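*Asks:* Structure below; questions to follow.
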């Protein structure tokens, strides 16, 4: 397994790990991974959400402590994983998708932030030296920026460069740079610039771990690819021995059977929810309709706009375009109007957008429709308790204690509370983003069951998910998004995990029949 | 992601920590949520032993409750916005404005009781309106907005008082409003109990109360659950300014002399009582906890005062109470962030 493009000296790898596992409860998020990066090599790490790649990055960066029994070495020196300090000092450096720049600080501040500023006597910062250090670092990456300007005004590629320069800065020399979805925030024009930076780092002998959903980038920049799936190591292959189809096959793997939602009859009746010309963060003109009792899925890689559809339709995010329920248009950014019109929304980030902390399951559950438990002007505790008990049973929350604080529940039970909250409000359409993200395995099936039962009673659903198996299991029809537009629609027998993944990764679905192979 | 067909038992909640949860709840009940009652009882016992002849008298009861009433009215006034996540610091100075303004209306314009009431309450409500506009329309942090409004209210008060102590000649029936007594219970303390009861019912048994609590705990999620959070914020700031004005009117009639510096001193004890109360009875700010906090503070100060400790001990005592409340109970106060 030698690198084929750059030809590094056959010295020891800059990073070598073996037998790295990470368990969350009974779930093995990463199973005995063996992985290495050679000096000057770009080693791409690909796989789906939940494949274990972000877990691996978090183990490397010291956020997670791996299970005992692993071996790890940086530049031949054995190291202990699980400490952010140790990772940095041994030379493992990270640039995360969000970069983490402080907008109103200068370029120099941002580059030096997190490690020691050069100082003069009495600990005063030596600004001249600090600025020169920052400028030198950027220079080596091929950028000459005014290091005194605030980063707020920088273009995306310059921001990325600042992020990388910061990662390369430190008291100890860097050996490995992990780039986690570095192009997610970059326009297409910025990608070439990023690759220039990566090549400069390669030339300096830095090993780069490149994580991306965009396979074209992987083919352009990587020397080797490691594919992960469900925490398992699938393959490590030199890029020259792969083509797109083969790589997709490795990523996709076999389909898991989670059951299917009953096919919908009479879907050609007037849609309950109609979305026209939807523009929002990451969305560039999306149209679709949902008929009564239909479950429509939204698929797409990170950054495709998948994450914003539900929120934009509901009005938790700003949008333009028309959204109507039963023919009546709903004003943007007015959740209370959307709810009156018959929409409900469960966001991916339950703790922020859904759950009311400190309040009980009962109070969380009845919140959007308190009128049903009023007796005259006052809330009736008896009515409320009866109502809530019924719902706890229906969505199967255990222990069924309505007075338990909702924020102390497991992810699965939290999601069940939110499902019950919205189904109780009798919506026409329930919009759910990542219905089972962070949900314990046991609860997943029950959540599917509840959604299917509601769909059978004519409640419609829009489900966005990064988990294709889930979309296959839940949806009658799946829309595939790429760069903010719908690029394909799958339903019936054409709706398979492979077809969704293929469409997401290739970005366009030219001929749906092709996916029936 | 591994999704496999597992039995539908919810694994995460099959965890064991349930068995002694009930007994733990009982212990918590005594240790923390009702700890204030023990502290109060202990203080009463100690003062009764040390100064039995002057502490255990109906007069002491009456003055203690009377002293605590203004603090109580203001504490309840801060509590309601706080439930909805808004810290209203302007309450004491708005009360001060109401006190001086009402006295001035009487002294200068010889207005009748009803007019004074209506005009003072409406004028004070304007401060609430300004705070509400700052908080909702301009998204100013409530602490900063109400601190600014508080200072403006003080300024207006100083202009009206013009450095003088105003001595109004209120109608006797109006004076009763602040000085009246039923049995040994001063009327103002009865207002505290009434307002606490109403607030309690609103918070626990009405749609409005539930929505206020949800807004205070997570405004984003509350809005997405269909609550018009901005409207609620306006409402609570209006109510708190009117409650402040009410406290100011009580103060004006109770004291009989109005100066621009009288009311400001009540802010800290009110906040201390509120925070102490937020650790009591239930987690987070709540009316009966607040009343308990007010009484603890009043009894402690009265006892120390009767023992002949320097009057300066008041601030020390309420400061210490606040710090102890915050220190012993991170959990009750986490809701206040």
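Using N, Cα and C of the backbone, Cβ positions are placed for all residues, glycine too.
Automatic prediction, not curation, is the source of TrEMBL annotations.
Keep in mind that what you see is a predicted model, and the values were worked out from it rather than measured.
Pulled the feature table from TrEMBL, pasting it below:
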- B:12-21: compositional bias 'Basic and acidic residues' (COMPBIAS)
- B:1-21: region 'Disordered' (REGION)
- B:37-61: transmembrane segment (TRANSMEM)
- B:73-104: transmembrane segment (TRANSMEM)
- B:116-135: transmembrane segment (TRANSMEM)
- B:181-203: transmembrane segment (TRANSMEM)
- B:232-251: transmembrane segment (TRANSMEM)
- B:263-281: transmembrane segment (TRANSMEM)
- B:288-307: transmembrane segment (TRANSMEM)
- B:313-333: transmembrane segment (TRANSMEM)
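Quick one: how deep are these features, and who are their neighbours?
*Replies:* With a threshold of 8 Å between CB atoms, the same-chain residues lying at least 6 positions outside the transmembrane segment (B:73-104) that come near it are 116-117, 119-121, 123-124, 127-128, 131, 135, 142-143, 146-147, 149-151, 153-154, 156-157, 160-161, 166-168, 188, 191-192, 195-196, 199, 203, 212-213, 215-217, 219, 232-233, 236-237, 239-241, 243-252, 255, 257-267, 270-271, 273-274, 277, 284-287, 290-291, 293-294, 336.
Sequence-distant contacts of the transmembrane segment (B:181-203) (same chain, at least 6 residues past either end, Cβ-Cβ under 8 Å): 58, 61-62, 65-66, 68-70, 72-73, 76, 79-80, 83, 209, 212-213, 243, 246, 250, 254, 286-288, 290-291, 294.
Tertiary neighbourhood of the transmembrane segment (B:263-281): same-chain residues 32-36, 70-72, 74-75, 77-79, 82, 89, 91-93, 95-96, 99, 154, 247-248, 251, 288-294, 296-297, 314-315, 318-319, 321-322, 325-326, 328-329, 332-333, 335-336, selected by CB-CB distance under 8 Å and a gap of 6+ residues from either end.
Beyond the transmembrane segment (B:288-307), the same-chain residues lying 6 or more positions past its ends with a Cβ under 8 Å from any Cβ of the stretch are 36-37, 39-40, 43-44, 46-47, 50-51, 54-55, 60, 63-65, 67-68, 71-72, 75-76, 79, 192-193, 196, 200, 269, 272-282, 313-314, 317-318, 321, 325.
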*Asks:* Would you kindly list the residues that approach the transmembrane segment (B:116-135) from elsewhere in its chain, counting only those six or more residues past its ends and only Cβ-Cβ distances under 8 Å?
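*Replies:* Sequence-distant neighbours of the transmembrane segment (B:116-135): 86, 88, 90, 94, 97-98, 101-102, 105-106, 141-142, 145-146, 148-149, 152-153, 174, 233-234, 237-242, 244-246, 248-249.
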